[in-house]
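Note sheet for the following structure.
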Amino acid sequence: MDASMMAGLDGLPEEDKAKMASMIDQLQLRDSLRMYNSLVERCFVDCVDSFTRKSLQKQEETCVMRCAEKFLKHTMRVGMRFAELNQNAPTQD
């Protein structure tokens, strides 16, 4: 968990901070695994169509690489956009 998230927990007792940090870490891990599984499924379905060999054909391998790069670039762009929106959002104090 990063420092900006911990700053929001300043008013809590240490035990509650630890519980919240653990919960946030679990949620981040779950989301990372979900994103990975989504990437694998999408690229496999879109790119792999021959099951005559145990390894990918060159065109399938190229397709998977492009698919993964596109997915990750899109995910990074969405994350950057959310960060921009969060920076510009008014805070409630």
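Numbering starts at 1 and runs along the chain as displayed.
Even glycines carry a Cβ here, placed using N, Cα and C.
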Annotated motif 'Twin CX3C motif' segment (source Swiss-Prot; candidates 43-67, 68-92): 43-67
Secondary structure at Cys67 (disulfide bond), reduced by DSSP to three states: helix
Assigned conformation of Cys43 (disulfide bond) - DSSP reduced to three states: helix
